[in-house]
């Protein structure tokens with residue numbers, strides 16, 4: 001009988017169908033970073049960069065406990081099935097309910113139990129080992145872009161640990177509390193740069209107080225603009241340490257050394273002109289869509305050494321200045337270290353106050369100790385006055401102790417007493433900016449470094465507070481608005497450009513506050529405080545030794561935050577180890593060659609020793625007949641972050657390596673993001689239907705092209 005006879009033909013589906021070949025599980029780094037490894041023979045429709053929502057049913061037993069620092073105990077099994085861990089917070093509970101409904105509808109389709117013409121097919125026996133939990137597919141695993149096994153506050157899990165997420169609005173009181181807390185924890189990053197550059201420009205304590213008030217005002221305004229029209233992530237905008245080194249290089253230019261009169265206003269106008277031109281270049285880079293192309297060169301292996309070099313470059317200013325009054329500076333450093341490391345687990349009313357407020361708490365306590373020592377006469381020397389310049393002191397006894405009187409006493413500044421109660425910072429308050437092309441080119445290169453810094457901050461913060469990373473178009477929009485914000489900073493005269501503060505990512509992770517409303521309300525409070533002149537005067541009266549001690553901590557944090565970007569790549573890869581090592585070493589060694597070139601060991605410099613690395617333009621190795629070219633090359637090649645960026649970009653984009661090794665940042669695909677309402681609400685512009693500028697449309701067009709995938 002023919003084998004085609006239905007009576008003798010074997011019955012179909014008597015055995016369970018052979019399961020599909022299980023997908024090759026990505027390595028542990030891929031689970032943490034969300035990269036899509038491309039294995040030979042794999043066909044995947046969503047391998048073009050599209051990000052798919054992961055199922056919420058995961059093994060929570062392996063997730064570490066953020067508070068206790070150990071793995072969470074697995075919940076008891078019910079009916080042989082493992083129960084998920086309890087959720088924390090209303091936002092997570094609501095998201096869990098929605099995902100549960102979606103999962104229920106998709107599970108039936110996944111198991112193949114469909115109804116055809118009202119007849120339900122007979123269920124087939126399933127192998128027993130497949131009964132426990134369904135293994136997530138590759139697409140569902142790679143989307144978990146945030147590290148899951150790093151034992152550090154804020155970098156474990158994406159949603160389970162956040163108290164409030166990006167679009168949450170818990171209420172006016174919690175928003176006000178967390179918003180003020182957010183800005184207070186960032187106090188060091190906001191106020192320390194004016195305390196360094198204004199005295200270097202020859203400004204008085206009153207000038208320092210006015211610049212501090214201006215920085216607070218511009219930071220509040222630009223943070224609001226970025227929250228509404230930039231990346232829309234809860235990131236604080238302010239004076240970045242990226243601009244500190246080039247600003248000091250311009251301040252210590254040879255043409256400014258012999259000025260008579262008010263050096264501060266003259267140098268400030270030069271800085272304003274350079275910042276305005278560089279900011280316009282950054283805005284063009286973002287809004288033209290060129291930033292979307294530039295993102296292909298910016299990988300974690302590039303961002304890590306570049307930002308780390310920013311923190312490491314200012315070591316000559318840190319402890320050498322602390323040494324002028326060790327009993328005050330060392331106490332300041334030790335207090336911040338104790339609060340941020342040894343007491344970081346202590347909670348008061350549910351807040352880790354020592355970890356969140358390590359900088360302001362250490363500053364207040366050290367200031368109190370210095371005040372008591374000053375009042376007790378520890379730094380009073382008979383017949384000596386700390387306000388008399390050292391060059392005018394005749395007594396050898398007073399000349400010997402003038403340094404301790406200047407750096408240890410807390411009453412040498414009269415900024416608080418002389419500051420008005422109300423002062424409104426206004427644009428062009430120092431005069432009309434002066435434009436010089438050589439200084440502008442230096443700042444334009446630095447604006448690229450600032451954009452690289454912001455790219456890393458966008459990616460890291462989005463994984464903490466949002467369900468998706470931003471699209472390349474959103475990143476371009478954020479960089480463009482940062483350029484406009486820096487133009488405002490140049491017009492108002494803050495001395496540096498305005499960009500995303502890298503330390504913000506750590507603050508979000510520690511405070512567990514991801515609501516943009518909290519940052520917006522905090523920015524409004526910051527604007528109000530900037531109008532109170534006494535606030536700027538109070539900050540300007542911080543002794544210089546305490547400023548240097550706090551900067552030792554802030555710059556160390558910045559270096560560590562930069563290197564933390566390596567968690568998005570294979571940090572143990574020999575390729576990445578060599579690239580990062582070479583970038584960091586040459587970022588310290590090559591600038592040292594330029595800074596020390598032509599200086600004799602016994603030369604008597606007119607600037608303090610901690611500012612000598614920034615006078616390279618007067619003695620650098622480039623000595624062509626074009627003075628402007630000499631200025632640009634000697635300055636740029638003496639900046640640590642520029643060397644780190646150049647070396648890292650060249651090596652990372654020319655040395656062969658897999659996508660896993662390079663650790664490219666994962667950005668949401670434009671078409672996929674448009675189909676997801678959550679992504680549109682997270683990053684969509686307000687009033688986008690009523691107002692849609694042509695320049696933003698062009699940027700969006702460029703970023704959505706196929707070659708940008």
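Counting starts with 1 at the first residue shown.
Cβ from N, Cα, C; glycine included.
Among the ranges 297-315, 392-410, 411-429, 468-486, the one that TrEMBL lists as transmembrane segment is 297-315. Count of Cβ pairs under 8 Å against the transmembrane segment (545-564): among 233-251, 354-373, 434-452, 518-539, 576-594, the largest is for 354-373. Ranking 321-342, 354-373, 631-651 by CB pairs under 8 A with the transmembrane segment (233-251) puts 631-651 at the top.
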